[in-house]
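Colleague: According to Swiss-Prot, the protein has these features:
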- 9, 367: Mg(2+) binding site (BINDING)
- 74: substrate binding site (BINDING)
- 131: active site, proton donor/acceptor (ACT_SITE)
- 163: site 'Transition state stabilizer' (SITE)
- 224: site 'Transition state stabilizer' (SITE)
């Protein structure tokens, strides 16, 4: 029987799932159970997990017939010591709970999802795959914050980076698409979704990334501010009397493109700009300005880029964002072919002009497949496993 992996991404109000064949890359089934704890939705995560199984069965995919060999769990933050795909046991769960404050929006529901899934599928190995893992070995100059060294050491404060599963997968796919060794490439990967990050990768290893201790640092995102002067936080706390929890919520949920323009759907944002909406236009300009700022910084770090790749929802589907991000960079060897960029397409594709020194690609990310393959990789490495 073909072996498969169930991949789960458990959030506070939803559970996304996918069943894949890691060897072939075939997606057997996927879906999402939403509105957990809300009216009309699943009562709790245990009910949501039953909803996953019910949805699979309704599509003719019964658990006992799927050939499942593992359950893979996306976990956003692995902290300083969880940086490889890890088989989950009680010790790992306890450690993940300790790491909750580093990713308060993401880690606690992920842990809850792991616990529920282990109860539901106790005979399968459960593997945690961490967004931070790819960036564990960032150069010290990139990973270190210029704060009191003793405080940073005592509290494990460093730049961890996120979306690592996506950045690694896309950088490897770029090399495969170009049919050149990964080790030979200097790359910039732009993961542009509701959450957004950029990485600089040399020879398959990251040398810089935009997110830091938490997923709040870096680019302007759908609802997150990205880079902000820490003084803003102190000012709002002292002068506006805002509790720290309210400031954190604002920076996570009511900032970014939504905070400036009241909208996170870029299709609607473009429509509003065309209709003369000043707030939407400013939100977009701030978003693009920050994106170009990071691209320029990473070009300086790399010296030059062999490949720049766009991925995730906005990166894969918004030709205007891609054009505006790279306009005027011909002096750096970066030119987009307008026709290729504007042409709808599926799968990996080149959008750079013929003869341009830097190849610009659009590559769909597939974090679920990467997680599934990470699961079978760690299982295959266990003593006694084939």
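Just so you know, the numbers here start at 1 and follow the chain as drawn.
Using the three backbone atoms N, Cα and C, a Cβ is placed for every residue, glycine included.
It should be emphasised that the depicted structure is a prediction, and the values quoted were computed from it without experimental measurement.
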Colleague: Between residue 9 (Mg(2+) binding site) and the residue listed as 'active site, proton donor/acceptor', how far is it from one CA atom to the other, in Å?
Modeller: 12
Colleague: List the Cα distance (Å, whole number) between residue 74 (substrate binding site) and residue 367 (Mg(2+) binding site).
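Modeller: Rounded to a whole number, the Cα-Cα distance is 9 Å.
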Colleague: Would you find the one among the recorded sites 163, 224 whose Cβ has the most company, meaning other Cβ atoms within 10 Å?
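Modeller: Going through 163, 224 one by one, the largest Cβ count within 10 Å is at 163.
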Colleague: Around residue 367 (Mg(2+) binding site), how many other CB atoms lie within 10 A of its CB?
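Modeller: By my count, 23.
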Colleague: Residue 163 (site 'Transition state stabilizer') to the residue listed as 'active site, proton donor/acceptor': how many Å between their Cα atoms?
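Modeller: About 5 Å separate the Cα atoms of these two residues.
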Colleague: Rounded to a whole angstrom, what is the C-alpha distance between residue 367 (Mg(2+) binding site) and residue 224 (site 'Transition state stabilizer')?
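Modeller: Computed Cα spacing between residue 367 (Mg(2+) binding site) and residue 224 (site 'Transition state stabilizer') is 21 Å.
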Colleague: Would you kindly give the Cα-Cα distance separating residue 224 (site 'Transition state stabilizer') and residue 131 (active site, proton donor/acceptor), rounded to the nearest Å?
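Modeller: It is 18 Å, counting Cα to Cα.
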Colleague: Measure the Cβ-based neighbour count of residue 74 (substrate binding site), defined as the other Cβ atoms within 10 Å of its Cβ.
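Modeller: The Cβ of residue 74 (substrate binding site) has 22 Cβ neighbours within 10 Å.
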Colleague: How many other Cβ atoms sit within 10 Å of the Cβ of residue 9 (Mg(2+) binding site)?
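Modeller: Total other Cβ atoms inside 10 Å, all chains included: 22.
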